[in-house]
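Take a look at the structure set out below.
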Amino acid sequence: MILHHLLILLIINYCVATSPTNGYAPGPVSCPSSQLIRSGSQGINPNEQSYINARYPIAKQALSKFLHNANLQNFDVDSFLAHSNPTIGLAFSGGGYRAMLTGAGEISSLDSRTKTNTPVLAGILQASSYIAGLSGGSWLVGSLASNNLNSVDDMLSQGLWELTHSFLSYYGIEHPIKQVEEWVNVGNQVASKRNANFNVSLTDIYGRLLSYPLLTNTEDEGDAYLWSDVTSASNFQSHQMPFPILISDGRAPDTTIINLNSTVIELTPYEFGSWDPSLNEFVDTRYLGTKLDNGRPTGKCYNGFDNAGFFMGTSSALFNEAVLSITEANIPSFLKDIIDDILVDPILKSNIDVSAYNPNPFFKSSGSNTAISQSKNLYLVDGGEDGQNIPISPLLHRNVSAIFAFDNSNDVLNWPDGTSLVKTYERQFSSQGNGIAFPYVPDQYTFRNLNLTSKPTFFGCDAKNLTSLTKDIYDVPLVIYLANRPFTYWSNTSTFKLTYDDNERQGMISNGFEIATRSSGSLDDEWAACVGCAIIRREQERQGIEQTEQCKRCFENYCWDGTIYKGEPLGENFSDDGLTNSATEYNSNNVAGFNDGGTSILKKA
């Protein structure tokens, strides 16, 4: 029996640590005979499409169970699903640990494995085809996917997401020897990549430090764990997890990007690239680090560049600057030397927030004659830097019927105000947006004062109203928007708050659960049914099926009707369903963690 368990452990370790060096540095491998670059015009990656095709029957069965449990009135679930294929995508915004923890509560509300007495939305995670995250949302999606898509309950019980100390010093002053060992190990790991003749940036150090709380259960905190290794996880092999996508932005040094000109880079376990006209190409994730010329290797091929922590760090590279703060601590001198050596590079010194992806895999690519393909170097930044802080863009290319957009951004007083949706809406009219349609949304003032950030809101409820955006109106997803707000915890913590004790952590997670479930269903006993109505809406429209009276009632309550608010601001406090000037409902007397602004780690200019 002991031997049997040892064999299982060996198999697991083999599956989850495929870096050829068995460490952080990439290593040489045999080159494949196939082309490593492909055009985005070919559509979804064949491996991804095969995964989705195999997963969909599983997801559809879970959707059937959810819809049956949602108590939809006068609606035959089985008959509808026999002729319809609704597809769900989940998108988790950036926002540091605020976004990760609130998002954890939100995803736990969708998970049928969560232990709860109020399973209002349980099963939607199992019914989803895609899950995307950027910046703090990438910490959530990346750590879950890298841990076999464990439930949030299991992540906590297994000791992950231990945030009592900052990821900059995971063990803290209480364990000085272990803390120095961590810094020594991180320094050695990053040095090994540099010694293998790969450029390193602050993201390499930051990504390794970040892996301590996020990849705690992997060997050596994930120094050899690759993002492409997710495909070897048992829940991926059995098609039990939504397909995970992380997001970053491409940015040339010393330039500024906005929603209209950014190159949105997808980091999936299979591919790395962008649908945007500025690139429109993808490379096999496993072979990042290989020098390519027009998609063909010019020398040795490498695997191991796609370290999972490095990828999560890339998506959240805003936090690179945090690494500079540890140079003031008692860290080993050679780690300081590595940081100093990185900053000798004038590009990396003046662009602290970039991640170096050198060599550029798209160099001289025949399919793209843009600034990206003409440069030997590729630099990526935080996925939210262009203002699109919810990773909706990749889902718009994957023909989903409904998108759950979880917005835990910092727009006003560390609360979201809809800016991310506004930026994604505006982008469709730019050359980079390439006409990929997204539903109408209002301005930020309307978002707040029509209470669209205080209770869930649906956008794109009627496809017939989208004809001025696209002729393919049924291909535009309905967006289910849920913004961070207080119910049981004042969850507007600073993006740069890097420590949470167990009570704070649980407070944030629990509040996220309440956001998604509408206070455990207490504010609307038809909330599950209304979510079901939103999920099935596009397929109903495609088939000319009229909504039930219940669904019409739901849409009356939750759909934005096109109104733009011009009146006086309603206030900054929260009621159950909106903003208010009153301080009698959600305030310091009855909600824990009141206005915990956290501590900024960024140096003031």
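Glycine too: its Cβ is placed from the backbone N, Cα and C atoms.
Computed from a predicted structure; not experimentally measured.
Residues annotated as domain 'PLA2c' in Swiss-Prot, with sequence analysis given as evidence: 30-565. Summarising the annotation, Swiss-Prot assigns N-linked glycosylation site to Asn199, Asn261, Asn399, Asn451, Asn465, Asn492, Asn573 and lists sequence analysis as the type of evidence. If you look up Swiss-Prot, you'll see 1-17 marked as signal peptide, on the strength of sequence analysis.
Remark: Asn261 (N-linked glycosylation site) has Asp386, Ser430, Gln432 as non-local neighbours, by Cβ distance under 8 Å and separation of at least 6 in sequence. Closest in space to Asn492 (N-linked glycosylation site), of the glycosylation sites given as Asn199, Asn451, Asn573, is Asn573, taking the CA atom of each residue. Note: the Cα of Asn199 (N-linked glycosylation site) and the Cα of Asn399 (N-linked glycosylation site) are spaced 37 Å from each other. Taking the domain 'PLA2c' (30-565) as a whole, pLDDT averages 96 in the prediction. Counting Cβ atoms from all protein chains shown, Asn573 (N-linked glycosylation site) has 16 others lying within 10 Å of its own Cβ. Following the DSSP three-state reduction, the secondary structure of Asn573 (N-linked glycosylation site) is strand. Highest local Cβ density among the glycosylation sites Asn451, Asn465 belongs to Asn451, counted as other Cβ atoms within 10 Å over all protein chains shown. In this view, the densest Cβ surroundings among the glycosylation sites Asn399, Asn492 belong to Asn492, judged by other Cβ atoms lying within 10 Å.
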